[in-house]
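Structure record follows, encoded as structure tokens.
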Amino acid sequence: MTMIGGDKHLPIPPSNLTSARTANEDHMQSHLSSLSAQLCPHANVTRHLDLSAAPGSVASLPRSHILLVVLVLAYKNRGMGGWEDYKYPIAMGVLQLGYAGVALVTKAAMLQGMSPPVLVVYRQAVATLAVAPVAYLSRRKSGGPSLGLRSFSLIFLSTLVGITINQNIYYEGLYLATSSTATAMANLVPAITFVMASVVGLEKVDIRSLRSIAKIAGTVICVAGAIFMALLRGPKLLNAQALPVTESRIGPEGEHWLQGCLFLFGSASLWSIWLILQVPASASYPDHVSLSAWMCFFGTLQSAVVALFFEPNLAAWTIHSSFEIISCLFIGIFGSGVSFFVQAWCIAQRGPLFSAMFNPLCTVIATILAALLLHEEIYVGSLIGAVGVIGGLYVVLWGKAKDCQVMNKETDTESLQTNYKLDLEEPLLSDKSTHTNENNA
């Protein structure tokens, strides 16, 4: 029989006990909801809390335990709706801006006579010199995992695919075709990555789910818009006279243009494989700065072997102008050093599809920079394609955002159930131990 305090002569009537529990539940629910709203206004922290007075429920725990659960959930969800939601898209947007600059500078350097294989070696060497000191200081200060055999194999393989082979055939395609064609072909990466990620199980596809339909439709719209913008310019903007058919197509005609497109298509496929490989590589070696340094170092060695095979003449390694020096520095520091770190970081946090879907922005930015810096005309087809790229990008990001919400909700539910079970077992074990000691006494 339940008693009031320590007085063993005043029992509580059952009706009063039920009313007291109901009032206590309502008061606790109101108090926790108010507290969670103040600590984390963008997340409903108490949505998983069972405040019934049944045995094994949250209400049966001490009030201090419940408050601790609320504080932990509020801390975990403190970034929702704030900077946490925007830092990854902003980082990828800045990265695509840099990629557009790298494409224009690279094309200009090769037109001045730099050999594509040699340019790849200089790019990776500069990137290694820029990233290696940062990686050394970072590991010296905070420590990190050692490079085991599995990590070494994954990094070496991803470097061979994503840097050595990919960049060499990309530069050859860029040299044989045009920068606009190169940026257009790069927009095939999201579609190829989505297919590959779905095959290996990194992306879940359910045609009955609106999220999957959005990702598929957004990928198609994004790629179609980027290709339309780059390949079908159409009439000039603010000019009623349409361009002749031969001028509305970009890029040289003939065998060299076709060969360049094939190289660029192969580069897009290899880049998609590199994005997929970043998932196990980042999981095996989670230090993103050191991971970037190792990839740049291995890329330098591998690219040097390839360049010596295709360019045995040492005269091809000579730098003739200050512009070529500046180009190598910019391409190496940003194009390889900074970009690898940002790519690995975003892929580890949001997945390969999220990173790949920002590639179409490079085509949009490259078109704008070409118009501003090279005084190229903007065409109606480019404008329509840009709208399609941005629209498709937002559709896919909406699908990815819904996936993240579902995954976070499932993770929170599983974590709460585990924590509640542990919290409930501890008082029971303590009570059992107390009763055992009393009986022994």
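Every residue gets a Cβ built from N, Cα and C, even glycine.
Some features that TrEMBL has for this protein:
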type	residues	note
DOMAIN	98-229	domain 'EamA'
DOMAIN	260-397	domain 'EamA'
TRANSMEM	53-74	transmembrane segment
TRANSMEM	86-106	transmembrane segment
TRANSMEM	118-137	transmembrane segment
TRANSMEM	149-170	transmembrane segment
TRANSMEM	182-202	transmembrane segment
TRANSMEM	214-232	transmembrane segment
TRANSMEM	257-277	transmembrane segment
TRANSMEM	289-310	transmembrane segment
TRANSMEM	322-346	transmembrane segment
TRANSMEM	353-372	transmembrane segment
TRANSMEM	378-399	transmembrane segment
Ask   = Counting only pairs 6 or more apart in sequence, are there at least 3 Cβ pairs under 8 Å between the transmembrane segment (182-202) and the transmembrane segment (353-372)?
value = yes
Note = The DSSP breakdown of the domain 'EamA' (260-397) into helix, strand and coil residues is 118 helix, 1 strand, 19 coil
Request  = Could you check if the transmembrane segment (149-170) is in contact with the transmembrane segment (289-310), meaning 3+ Cβ pairs under 8 Å among residue pairs at least 6 apart in sequence?
outcome  = yes
Ask   = Which bits of the chain, at least 6 residues beyond where the transmembrane segment (257-277) starts or stops, bring a Cβ under 8 A of a Cβ in it?
value = 154, 157-158, 161-163, 165-167, 169-170, 172-177, 181-182, 185-186, 188-189, 192-193, 196-197, 200, 202, 251, 343, 347, 352, 355-356
Key: Candidates 86-106, 289-310, 322-346; stretch with most C-beta pairs under 8 Å toward the transmembrane segment (353-372)   = 86-106
Long-range Cβ neighbours of the transmembrane segment (86-106) (under 8 Å; 6 or more residues past either end) = 119, 171, 174, 179, 182-183, 327, 330-331, 334-335, 338-339, 342-343, 345-346, 349-350, 354-355, 358-359, 361-362, 365-366, 369-370, 373-374, 397
Request  = Provide the three-state DSSP residue tally for the domain 'EamA' (98-229): helix first, then strand, then coil.
outcome  = 109 helix, 0 strand, 23 coil
Message = Averaged over the domain 'EamA' (98-229), what pLDDT does the predicted model reach?
response = 83
